[in-house]
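Comments concern the structure below.
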Amino acid sequence: RNAMAHLDSEVKEECLREDLKFYFMNPCEKYRARHQIPWKLGLQILKVLMVTAQLVRFGLSNQLVVAFKQDSTVTFKHLFLKGYSGIDEDDYSCSVYTQEDAYESIFFAINQYHHLKNITLGTLGYGENEDNRIGLKVCKQHYKKGTMLPSNETLNIDSDVETDCIHLSLQILTKNPQAWKNSSFFSLEFYRLLQVEISFHLKGIDLQTIRSRELPDCYVFQNRITYDNKAHSGKIKIYFDSDASIEECKLLNISGSIQKNTQYVLVFDAFVIVICLASLILCTRSIVLALRLRKRFLNFFLEKYKRRVCNTDQWEFINGWYVLVIISDLMTIVGSFLKMEIKAKNLTNYDLCSILLGTSTLFVWVGVIRYLGYFQTYNVLILTMRASLPKVLRFCACAGMIYLGYTFCGWIVLGPYHDKFEDLGTVAECLFSLINGDDMFATFAQIQQKSVLVWLFSRLYLYSFISLFIYMILSLFIALITDSYDTIKKYQQNGLPETDLQKFLKECSSKEAYQKEPSAFLSHFCCLRRKRSDDHLILFN
C-alpha cells in the first residue's frame, strides 16, 4: 500500500512538473513538444495589423475634425475682433487702450454678428444659447458705485461685484440698428468696470468630410468674447474663446457612394471587435488556467516540503503580458463601439474614442516585445526594465522632492520677472526642459534685469538646478539602469539565481520524452531552437 501511494505521488509530481514546463514554454516550443498550434500568437499578429489599420483610418478622419475646429476659431477671431492681426498677443487675442477703441471693439462684434450671413464665407448660421434664444448676450461686471480721484490720491469704492446682462435679439438689431447703442447699459464707467463679456452660439456644417467619403458633421460653436479690465492698468485685454461641440445632423440627404463606404467601415470595425473579443477570451482563459496551476504547485510544495513558495515564484504564474493584452482588448472593444456610433453619426465624442483607440494601439505594439523576448539577444530591454524599475521608482520619489522644491521656489521668486515661471505648470515644464538640455540660453536671457537681487538669485537658482540635476541626479539615474543591465548580462552568462520553482523543474528533464519533430516549414517559420544553455532563462522571458 505504501509503495502504491509512493508511486501515485511520483506520478502526480511528474505530471505537475510536465504541466509547469509546458506552461513556461514559448509558442514555438509548445508546438515542437505537443504540436499544439499557437492560436494566440496568430491572433495577436492579426490583431496588431487590424487595430493599426483601424487607428490610421480613424486618425485621418479625426484630422479633418481638428482642422475644421481650428480654422473656424481663426475665422471667428477675424470676423468679430476689430483690428485682429492674425497673431495672438501672449495668451490673449488683442488689446485696446482708449475708451473710444473699447466702444468700437464692442459695437464692431455686435454688428458683425448682425450681418454675419452677408459677410461670412463659411456655412454658418445662428444658434440658440442657454436660454433657448437666438441672439447676443452681453454682460458686464463692475464694482458698486463709488468715486475715484487719482489726482488727489483718494478712492471711495464698494468692492462688491455686480453683474448686469442684456439680450440683443436679431429683431432688436434689425429694427433699431443704432438705438441699442444709446442704451444706458453701454454707458461704461471704466474706473469700476471689471469686464464685458459677449456670448453667442453659431452653427456650422463641415462639408470637407464628403471628399473623404464620410457623412458631414454638424457643429455648435459656443463663442465668448471677454474684454478684461480687472487690472485697471489702462490696457483692456480681449480674449476670444470658442468651444465646439458636434451634434447629430437632423436631416441628411446625400446621394452618391458615401453610404456604401460607411457600411464597409462599420463591417471592418465589427470584425475588429470580434478579433479582440476572441483574444480577450483566450488570454482570460490562460490566466485562469495559470492560477489553477499555481494552486496545484503551492499545495504540492506545502505537502511535500512543509513550507510556502516564495512570492517571486508565485508571481511567475501571473503573466503580465496577458493582463496588458486584456486591458488593450477591452479598450479596443469599447473604442470600436464608440467609433461605429461616431461613423453612423449617433455619437460625437471624438476625444474619448481617440484616447481609447490610441492607448489600446500603444499597448498592442508594446505587447509585440513579448515575442521578441523569446530570443535571448532581444530580451535584454525587458529584463533590464524589470530589474531596474523598483530602484528607479524609489530614486524618482527622492529626486521628486528636490524637483518640487525648485518648482515652488522658481514660481514665487521668478514668476513676476520671467514668462516661463508665471504659473506652477509652466515652471515644472521649463525645469524638465532644462534637465534635457532644451532652451537653456533663452531661459537665462529672458530674465528681466529690473532687480539686481532677483537677477543674481536667478543665476544661482538656474546654475544650481542644472548642475544638481544634470551632473548628479541624472547621472545617478542612468547609473541605476546601467547597473541593472550589467547584472542581467552577468546572469545571462553565468546563470540566474535558482528559485524553488526552477529547482523543481530541473529535478528531472522529461520534455524530450514526448517531444516530436515538427514540420520543417513551421519550425523554420516559427523561430530557432532554444539552446539547452538557455534553460535558466525560461521563467524570465
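The backbone N, Cα and C atoms fix where each Cβ goes, glycine too.
Copied over from TrEMBL:
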DOMAIN    65-250  domain 'Mucolipin extracytosolic'
TRANSMEM  264-293  transmembrane segment
TRANSMEM  314-334  transmembrane segment
DOMAIN    353-488  domain 'Polycystin cation channel PKD1/PKD2'
TRANSMEM  354-372  transmembrane segment
TRANSMEM  392-414  transmembrane segment
TRANSMEM  460-481  transmembrane segment
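Taking Cβ pairs closer than 8 Å, the transmembrane segment (264-293) reaches residues 19-20, 23, 39-40, 43-44, 46-47, 50-51, 53-54, 57, 317-319, 322-323, 325-326, 329-330, 332-333, 336-337, 339-340, 343-344 in its own chain, all 6 or more past its ends. Two recorded stretches are said to be in contact when at least 3 C-beta pairs lie under 8 angstroms, sequence spacing 6 or more; the transmembrane segment (392-414) and the transmembrane segment (460-481) meet this definition. Counting same-chain residues at least six beyond the ends of the transmembrane segment (314-334), those with a Cβ under 8 angstroms from any Cβ of the stretch are 23-24, 44, 51, 272-273, 276-277, 279-280, 283-284, 286-287, 290-291, 293-294, 297-298, 356-357, 359-361, 363-364, 366-367, 370, 501, 539. The predicted model assigns the domain 'Mucolipin extracytosolic' (65-250) a mean pLDDT of 83. Secondary structure of the domain 'Polycystin cation channel PKD1/PKD2' (353-488), assigned with DSSP and counted as helix (H, G, I), strand (E, B) and coil, comes to 115 helix, 0 strand, 21 coil.
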